[in-house]
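Colleague: Reproduced below are the annotations present in Swiss-Prot:
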- Cys38-Cys104: disulfide bond (DISULFID)
- Cys42-Cys46: disulfide bond (DISULFID)
- Cys54-Cys151: disulfide bond (DISULFID)
- Cys56-Cys72: disulfide bond (DISULFID)
- Cys71-Cys132: disulfide bond (DISULFID)
- Cys78-Cys125: disulfide bond (DISULFID)
- Cys88-Cys118: disulfide bond (DISULFID)
- Cys111-Cys123: disulfide bond (DISULFID)
- Asn97: N-linked glycosylation site (CARBOHYD)
- 1-19: signal peptide (SIGNAL)
Amino acid sequence: MHPAHLLVLLAVCVSLLGSSEIPQPSLDFEQFSNMIQCTIPCGESCLAYMDYGCYCGPGGSGTPIDDLDRCCKTHDECYAEAGKLSACKSVLSEPNNDTYSYECNEGQLTCNDDNDECKAFICNCDRTAVTCFAGAPYNDLNYNIGMIEHCK
């Protein structure tokens, strides 16, 4: 393929990605990871939640493959709902510029009352997802499964 054609193809792909309705990541991925650590002490293996099943990680499609994947689908849907709140428009457009406030006490997560409407909503999306993760078994066979083949 001619290099100019590759550039056009790349531009189209980037354009399509930019216009798709992929839910934004947590306000602060590190915060979400810390929430996971609070509830499920997993060390470096917490990253395994970022490429699991059809919904854990960027994007998501098809039918969730198990309970843990359903937790991630619900989390994606929660973020989509947050995107509909007028209070969240500026926060979600630049998600790493702000963080929500929460506490971890003996494995229990609480979103603090000092969060504004959007941060409270997103904190609860993340808290609910992490609580769901804690109750769902992790199946090593569903890590990095290849979305194209398995998530239609």
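Glycine too: its Cβ is placed from the backbone N, Cα and C atoms.
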Colleague: For Cys132 (disulfide bond), what is the tally of other C-beta atoms lying within 10 angstroms of its C-beta?
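Modeller: Around Cys132 (disulfide bond), other Cβ atoms within 10 Å: 17.
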Colleague: From the Cα of Cys42 (disulfide bond) across to the Cα of Cys54 (disulfide bond), what is the distance in angstrom?
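Modeller: Given the Cα positions, Cys54 (disulfide bond) is 21 Å from Cys42 (disulfide bond).
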Colleague: Name the residues of the same chain, 6+ apart in sequence, whose Cβ is under 8 Å from the Cβ of Cys88 (disulfide bond)?
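Modeller: Listed in sequence order: Ala82, Glu117, Cys118, Phe121, Ile122.
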Colleague: Counting across all protein chains present, how many other Cβ atoms fall within 10 Å of the Cβ of Cys56 (disulfide bond)?
Modeller: 24
Colleague: If one looks at the chain holding Cys104 (disulfide bond), which residues at least 6 apart in sequence have a CB under 8 angstroms from its CB?
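Modeller: Set apart from Cys104 (disulfide bond) by at least 6 residues yet with Cβ under 8 Å, we have Asn34, Met35, Cys38, Thr39.
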Colleague: List the Cα distance (Å, whole number) between Cys123 (disulfide bond) and Cys56 (disulfide bond).
Modeller: 17
Colleague: Would you say which of the disulfide-bonded residues Cys46, Cys123, Cys151 has the most Cβ atoms within 10 Å of its own Cβ?
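Modeller: Highest number of other Cβ atoms within 10 Å: Cys123.
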Colleague: Taking the Cα of Cys71 (disulfide bond) as the centre, which of the disulfide-bonded residues listed as Cys42, Cys46, Cys56, Cys111, Cys151 lie within 10 Å of it?
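Modeller: Cα within 10 Å of Cys71 (disulfide bond): Cys56.
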Colleague: Determine, using Cα-Cα distances only, which of these disulfide-bonded residues is closest to Cys151 (disulfide bond): Cys46, Cys56, Cys111, Cys132.
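Modeller: Nearest listed residue in space: Cys56.
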Colleague: Relative to the Cβ position of Cys42 (disulfide bond), how many further Cβ atoms are located within 10 Å?
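Modeller: Around the Cβ of Cys42 (disulfide bond), 15 other Cβ atoms lie within 10 Å.
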